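Novice: Please read through the structure below; I'll follow up with questions.
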Amino acid sequence: MPQTITFEQSRRVDQVAMEHYAMNGLVLMENAGSAAARRIAQLHPGASVLILCGKGNNGGDGYVIARHLQLLGCDVHLLATATPDELSGDAAVNARIAARSEMPITFVKSVHDPDIQAAMDAADVIVDCLLGTGVSGPLRSPFQEIVSLANAASAVRIAMDVPTGWPAVQAETSDDAIAFVADRTLTFVAVKAGMNENDADRWTGVVEVIGIGVPKKLLDDLEIPTA
Ligand SMILES: NC(=O)C1=CN([C@@H]2O[C@H](COP(=O)(O)OP(=O)(O)OC[C@H]3O[C@@H](n4cnc5c(N)ncnc54)[C@H](O)[C@@H]3O)[C@@H](O)[C@H]2O)[C@@H](O)CC1
Ligand SMILES: [K+]
(Lines of atoms letter the chains of each structure in order from A and count residues from 1; the text may use other names and numbers.)
(Lines give C-alpha, C1' and ligand atoms only; values in the text may rest on other atoms or scores of the structure.)
(Ligands and ions follow the chains in the order given, each with its own letter.)
Protein backbone atom coordinates (compact mmCIF):
# COMPACT_ATOMS: atom_id res chain seq x y z
CA MET A 1 0.00 0.00 0.00
CA PRO A 2 1.48 3.44 -0.90
CA GLN A 3 2.55 5.66 1.99
CA THR A 4 1.52 8.84 0.23
CA ILE A 5 -1.40 9.95 -1.91
CA THR A 6 -1.63 12.29 -4.87
CA PHE A 7 -3.75 15.43 -4.92
CA GLU A 8 -6.05 13.56 -7.29
CA GLN A 9 -6.53 10.72 -4.78
CA SER A 10 -7.19 13.23 -2.03
CA ARG A 11 -9.89 14.91 -4.09
CA ARG A 12 -11.34 11.48 -4.93
CA VAL A 13 -11.72 10.75 -1.20
CA ASP A 14 -13.87 13.88 -0.82
CA GLN A 15 -15.83 13.05 -3.96
CA VAL A 16 -16.61 9.44 -2.97
CA ALA A 17 -17.49 10.47 0.59
CA MET A 18 -20.03 12.92 -0.79
CA GLU A 19 -21.38 10.97 -3.77
CA HIS A 20 -21.34 7.34 -2.58
CA TYR A 21 -21.54 7.75 1.20
CA ALA A 22 -23.83 10.80 1.08
CA MET A 23 -21.58 12.74 3.45
CA ASN A 24 -22.26 16.44 3.21
CA GLY A 25 -19.21 18.50 2.16
CA LEU A 26 -19.85 20.84 5.08
CA VAL A 27 -19.39 17.91 7.47
CA LEU A 28 -16.03 17.04 5.87
CA MET A 29 -14.92 20.67 6.10
CA GLU A 30 -16.09 20.90 9.70
CA ASN A 31 -14.22 17.73 10.63
CA ALA A 32 -11.07 18.93 8.86
CA GLY A 33 -11.16 22.43 10.33
CA SER A 34 -12.14 21.50 13.88
CA ALA A 35 -9.44 18.82 14.13
CA ALA A 36 -6.83 21.23 12.77
CA ALA A 37 -7.93 23.93 15.23
CA ARG A 38 -7.62 21.54 18.17
CA ARG A 39 -4.07 20.69 17.13
CA ILE A 40 -3.12 24.37 16.65
CA ALA A 41 -4.58 25.32 20.05
CA GLN A 42 -2.75 22.39 21.66
CA LEU A 43 0.55 23.56 20.15
CA HIS A 44 -0.05 27.30 20.72
CA PRO A 45 -2.54 27.80 23.58
CA GLY A 46 -3.96 31.32 23.76
CA ALA A 47 -1.94 32.48 20.74
CA SER A 48 -2.80 35.34 18.40
CA VAL A 49 -3.50 33.50 15.18
CA LEU A 50 -3.76 35.08 11.72
CA ILE A 51 -5.54 32.85 9.21
CA LEU A 52 -4.96 33.54 5.51
CA CYS A 53 -8.03 32.47 3.51
CA GLY A 54 -8.23 31.94 -0.26
CA LYS A 55 -11.32 31.54 -2.46
CA GLY A 56 -11.70 27.77 -2.48
CA ASN A 57 -12.37 25.05 0.08
CA ASN A 58 -8.89 25.43 1.58
CA GLY A 59 -10.04 28.94 2.49
CA GLY A 60 -13.29 27.41 3.75
CA ASP A 61 -11.26 25.28 6.16
CA GLY A 62 -9.71 28.52 7.41
CA TYR A 63 -13.08 29.95 8.47
CA VAL A 64 -13.89 26.73 10.34
CA ILE A 65 -10.48 26.80 12.03
CA ALA A 66 -11.08 30.43 13.05
CA ARG A 67 -14.45 29.62 14.68
CA HIS A 68 -13.03 26.71 16.66
CA LEU A 69 -9.83 28.54 17.65
CA GLN A 70 -11.91 31.35 19.16
CA LEU A 71 -13.82 28.77 21.20
CA LEU A 72 -10.52 27.25 22.29
CA GLY A 73 -9.27 30.59 23.65
CA CYS A 74 -7.08 31.90 20.84
CA ASP A 75 -7.19 35.45 19.54
CA VAL A 76 -8.15 35.12 15.88
CA HIS A 77 -7.80 37.45 12.89
CA LEU A 78 -8.65 36.56 9.28
CA LEU A 79 -7.03 37.88 6.12
CA ALA A 80 -9.26 37.04 3.16
CA THR A 81 -8.63 37.37 -0.58
CA ALA A 82 -12.39 37.39 -1.28
CA THR A 83 -15.59 38.52 0.40
CA PRO A 84 -18.20 35.88 1.36
CA ASP A 85 -20.32 36.95 -1.65
CA GLU A 86 -17.44 36.11 -3.99
CA LEU A 87 -17.22 32.55 -2.64
CA SER A 88 -19.41 29.56 -3.38
CA GLY A 89 -20.47 26.31 -1.76
CA ASP A 90 -19.13 25.20 1.61
CA ALA A 91 -16.48 27.92 1.74
CA ALA A 92 -19.17 30.60 1.31
CA VAL A 93 -21.23 29.11 4.15
CA ASN A 94 -18.31 29.16 6.58
CA ALA A 95 -17.18 32.62 5.46
CA ARG A 96 -20.71 33.95 6.16
CA ILE A 97 -20.71 32.35 9.61
CA ALA A 98 -17.38 34.08 10.34
CA ALA A 99 -18.66 37.44 9.07
CA ARG A 100 -21.91 37.20 11.06
CA SER A 101 -19.88 36.24 14.14
CA GLU A 102 -18.13 39.60 13.77
CA MET A 103 -14.72 37.99 13.61
CA PRO A 104 -11.99 40.46 12.69
CA ILE A 105 -11.52 40.09 8.94
CA THR A 106 -9.23 42.12 6.69
CA PHE A 107 -10.25 41.83 3.04
CA VAL A 108 -7.30 42.20 0.67
CA LYS A 109 -8.12 45.01 -1.74
CA SER A 110 -4.54 46.13 -2.32
CA VAL A 111 -1.39 44.22 -1.40
CA HIS A 112 0.04 47.57 -0.26
CA ASP A 113 -2.67 48.00 2.41
CA PRO A 114 -0.74 48.64 5.67
CA ASP A 115 -3.40 46.62 7.55
CA ILE A 116 -1.94 43.46 5.97
CA GLN A 117 1.52 44.08 7.38
CA ALA A 118 0.01 45.09 10.74
CA ALA A 119 -1.95 41.82 10.90
CA MET A 120 1.21 39.83 10.13
CA ASP A 121 3.18 41.73 12.79
CA ALA A 122 0.52 41.09 15.45
CA ALA A 123 0.41 37.32 14.90
CA ASP A 124 2.15 34.63 16.94
CA VAL A 125 1.00 32.04 14.42
CA ILE A 126 0.09 32.41 10.73
CA VAL A 127 -2.09 29.68 9.23
CA ASP A 128 -1.98 29.24 5.44
CA CYS A 129 -5.42 28.41 4.03
CA LEU A 130 -4.81 30.20 0.73
CA LEU A 131 -4.66 27.25 -1.68
CA GLY A 132 -4.90 23.49 -1.27
CA THR A 133 -5.31 20.68 -3.75
CA GLY A 134 -7.13 22.97 -6.20
CA VAL A 135 -3.98 24.92 -7.07
CA SER A 136 -2.96 25.18 -10.69
CA GLY A 137 0.07 26.98 -12.09
CA PRO A 138 2.38 29.45 -10.38
CA LEU A 139 0.85 31.71 -7.72
CA ARG A 140 -1.05 34.70 -9.02
CA SER A 141 -1.43 38.07 -7.30
CA PRO A 142 -2.30 38.70 -4.49
CA PHE A 143 -1.24 35.22 -3.30
CA GLN A 144 2.43 35.77 -4.19
CA GLU A 145 2.60 39.01 -2.24
CA ILE A 146 0.70 37.65 0.78
CA VAL A 147 2.90 34.55 0.93
CA SER A 148 6.05 36.70 0.74
CA LEU A 149 4.84 38.88 3.62
CA ALA A 150 3.97 35.80 5.68
CA ASN A 151 7.40 34.29 5.05
CA ALA A 152 9.06 37.49 6.26
CA ALA A 153 7.00 37.63 9.47
CA SER A 154 8.39 36.43 12.78
CA ALA A 155 5.32 34.25 13.51
CA VAL A 156 5.28 30.46 13.47
CA ARG A 157 3.86 29.32 10.10
CA ILE A 158 1.41 26.44 9.74
CA ALA A 159 0.21 25.27 6.31
CA MET A 160 -3.16 23.63 5.92
CA ASP A 161 -3.23 20.56 3.67
CA VAL A 162 -0.27 21.78 1.57
CA PRO A 163 1.95 24.88 1.67
CA THR A 164 0.57 27.39 -0.84
CA GLY A 165 2.79 27.51 -3.93
CA TRP A 166 4.70 24.35 -2.96
CA PRO A 167 6.86 23.65 -6.05
CA ALA A 168 6.68 19.84 -5.78
CA VAL A 169 3.10 19.74 -7.03
CA GLN A 170 3.68 21.79 -10.15
CA ALA A 171 5.83 20.65 -13.02
CA GLU A 172 5.95 24.15 -14.43
CA THR A 173 7.20 25.89 -11.31
CA SER A 174 10.81 25.95 -10.22
CA ASP A 175 12.44 25.46 -6.85
CA ASP A 176 12.83 29.21 -6.39
CA ALA A 177 9.10 29.80 -6.91
CA ILE A 178 7.39 31.78 -4.17
CA ALA A 179 5.79 29.39 -1.71
CA PHE A 180 4.66 29.44 1.89
CA VAL A 181 7.56 28.20 4.02
CA ALA A 182 5.88 26.25 6.80
CA ASP A 183 7.21 25.20 10.19
CA ARG A 184 4.46 22.59 10.20
CA THR A 185 1.96 21.25 7.67
CA LEU A 186 -1.31 19.72 8.83
CA THR A 187 -2.32 17.66 5.82
CA PHE A 188 -5.75 16.08 5.39
CA VAL A 189 -6.45 12.34 5.00
CA ALA A 190 -2.87 11.17 4.27
CA VAL A 191 0.64 12.47 3.53
CA LYS A 192 0.72 13.89 0.01
CA ALA A 193 3.14 12.63 -2.64
CA GLY A 194 6.44 14.50 -2.45
CA MET A 195 6.12 15.35 1.23
CA ASN A 196 8.35 12.44 2.23
CA GLU A 197 11.08 13.30 -0.26
CA ASN A 198 14.51 14.55 0.73
CA ASP A 199 14.28 18.31 0.96
CA ALA A 200 10.47 18.63 1.08
CA ASP A 201 10.58 19.72 4.71
CA ARG A 202 12.21 22.93 3.54
CA TRP A 203 8.66 23.92 2.53
CA THR A 204 6.43 21.72 4.67
CA GLY A 205 8.25 21.66 8.00
CA VAL A 206 6.96 18.84 10.20
CA VAL A 207 4.10 16.99 8.46
CA GLU A 208 1.14 15.67 10.46
CA VAL A 209 -1.99 13.97 9.11
CA ILE A 210 -5.44 15.19 10.13
CA GLY A 211 -8.36 12.81 9.55
CA ILE A 212 -11.62 14.18 8.15
CA GLY A 213 -13.93 11.41 9.39
CA VAL A 214 -14.60 9.52 6.17
CA PRO A 215 -15.43 5.79 6.62
CA LYS A 216 -12.53 3.34 6.98
CA LYS A 217 -14.08 1.23 4.21
CA LEU A 218 -13.77 4.17 1.81
CA LEU A 219 -10.08 4.57 2.69
CA ASP A 220 -9.46 0.82 2.37
CA ASP A 221 -11.30 0.59 -0.96
CA LEU A 222 -9.28 3.49 -2.41
CA GLU A 223 -6.05 2.05 -0.90
CA ILE A 224 -5.44 5.19 1.14
CA PRO A 225 -2.82 4.61 3.84
CA THR A 226 -4.18 4.94 7.38
CA ALA A 227 -2.21 5.46 10.57
N1 LIG B 1 -15.35 18.66 0.68
C2 LIG B 1 -14.14 18.78 0.26
O3 LIG B 1 -13.85 18.69 -0.93
C4 LIG B 1 -13.09 19.06 1.25
C5 LIG B 1 -12.02 19.86 0.89
N6 LIG B 1 -11.13 20.26 1.78
C7 LIG B 1 -10.19 21.32 1.46
O8 LIG B 1 -10.42 21.78 0.15
C9 LIG B 1 -9.20 21.95 -0.53
C10 LIG B 1 -9.44 21.89 -2.01
O11 LIG B 1 -10.38 22.91 -2.29
P12 LIG B 1 -10.65 23.51 -3.74
O13 LIG B 1 -10.80 22.41 -4.70
O14 LIG B 1 -11.76 24.47 -3.58
O15 LIG B 1 -9.32 24.23 -4.12
P16 LIG B 1 -8.39 25.31 -3.39
O17 LIG B 1 -8.99 25.79 -2.13
O18 LIG B 1 -7.04 24.70 -3.35
O19 LIG B 1 -8.30 26.54 -4.41
C20 LIG B 1 -9.12 26.74 -5.51
C21 LIG B 1 -9.13 28.22 -5.83
O22 LIG B 1 -7.82 28.71 -6.02
C23 LIG B 1 -7.72 29.43 -7.25
N24 LIG B 1 -6.37 29.16 -7.77
C25 LIG B 1 -5.91 27.98 -8.29
N26 LIG B 1 -4.62 28.09 -8.63
C27 LIG B 1 -4.23 29.35 -8.32
C28 LIG B 1 -3.01 30.06 -8.44
N29 LIG B 1 -1.92 29.50 -8.95
N30 LIG B 1 -2.95 31.34 -8.01
C31 LIG B 1 -4.04 31.92 -7.49
N32 LIG B 1 -5.26 31.32 -7.36
C33 LIG B 1 -5.35 30.04 -7.76
C34 LIG B 1 -8.83 28.89 -8.10
O35 LIG B 1 -9.25 29.87 -9.00
C36 LIG B 1 -9.91 28.58 -7.06
O37 LIG B 1 -10.65 29.75 -6.76
C38 LIG B 1 -8.31 20.88 0.05
O39 LIG B 1 -6.95 21.19 -0.10
C40 LIG B 1 -8.74 20.90 1.50
O41 LIG B 1 -8.03 21.90 2.21
C42 LIG B 1 -11.36 19.97 3.19
O43 LIG B 1 -12.20 20.97 3.65
C44 LIG B 1 -12.00 18.63 3.40
C45 LIG B 1 -13.25 18.51 2.62
K1 LIG C 1 -2.62 25.88 2.17
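The backbone N, Cα and C atoms fix where each Cβ goes, and this holds for glycine too.
Remember, TrEMBL labels are computer predictions, not curated facts.
Pasting the feature list from TrEMBL:
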| type | residues | note |
| --- | --- | --- |
| DOMAIN | 10-220 | domain 'YjeF N-terminal' |
| BINDING | Asn57, Asn58, Gly59, Gly60, Asp61, Gly132, Thr133, Gly134, Val135, Ser136, Gly137, Pro138, Asp161 | (6S)-NADPHX binding site |
| BINDING | Asn58, Asp128, Thr164 | K(+) binding site |
Novice: Between Asp61, Asp128, which of the binding-site residues has the fewest other CB atoms within 10 angstroms in the structure shown?
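Specialist: Counting other Cβ atoms within 10 Å of each of the binding-site residues Asp61, Asp128, the minimum falls on Asp128.
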Novice: Output: those binding-site residues from Asn58, Asp61, Asp128, Val135, Thr164 whose CB lies less than 6 Å from an atom of ligand 1, in sequence order; none if no residue fits.
Specialist: Asn58, Asp61, Val135
Novice: Minimum Cβ neighbour count within 10 Å among the binding-site residues Asn57, Asn58, Thr133, Thr164: which residue?
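Specialist: It is Thr133 that, of the binding-site residues Asn57, Asn58, Thr133, Thr164, has the fewest other Cβ atoms within 10 Å.
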Novice: What is the interatomic distance between the Cα atoms of Gly59 ((6S)-NADPHX binding site) and Asp128 (K(+) binding site), given in whole Å?
Specialist: 9
Novice: Around the K(+) site formed by Asn58, Asp128, Thr164, list the extra residues of the same chain whose Cβ is within 8 Å of the site's Cβ centroid.
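Specialist: Those within range, site residues removed, are Leu52, Gly54, Gly59, Cys129, Leu130, Leu131, Gly132, Ala159, Met160, Asp161, Val162, Pro163, Phe180.
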Novice: With DSSP assignments reduced to helix, strand and coil, which class does Thr164 (K(+) binding site) get?
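Specialist: Going by the DSSP assignment, Thr164 (K(+) binding site) belongs to neither helix nor strand, so it counts as coil.
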Novice: Could you tell me which of the binding-site residues Asn58, Gly59, Gly137 have their C-beta within a distance under 6 angstroms of some atom of ligand 2?
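Specialist: So the answer is Asn58.
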Novice: What is the one among the binding-site residues Gly59, Gly137 whose Cβ has the most other Cβ atoms less than or equal to 10 Å away?
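Specialist: Counting every other Cβ within 10 Å of each candidate, the maximum falls on Gly59.
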Novice: Just counting, how many other CB atoms are there within 10 A of the CB of Asp161 ((6S)-NADPHX binding site)?
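Specialist: Excluding its own Cβ, Asp161 ((6S)-NADPHX binding site) sees 25 Cβ atoms within 10 Å.
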Novice: Checking the contact step here: among the binding-site residues Thr133, Gly137, Asp161, which have a Cα within 10 Å of the Cα of Asn58 (K(+) binding site)?
Specialist: Thr133, Asp161
Novice: From the Cα of Asp128 (K(+) binding site) across to the Cα of Asp61 ((6S)-NADPHX binding site), what is the distance in angstrom?
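Specialist: Between the alpha carbons of Asp61 ((6S)-NADPHX binding site) and Asp128 (K(+) binding site) there are 10 Å.
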Novice: Just report the maximum Cα pair distance in Å for the recorded (6S)-NADPHX binders Asn57, Asn58, Gly59, Gly60, Asp61, Gly132, Thr133, Gly134, Val135, Ser136, Gly137, Pro138, Asp161, no decimals.
Specialist: 22
Novice: On average, what pLDDT score does this prediction assign to the domain 'YjeF N-terminal' (10-220)?
Specialist: 95
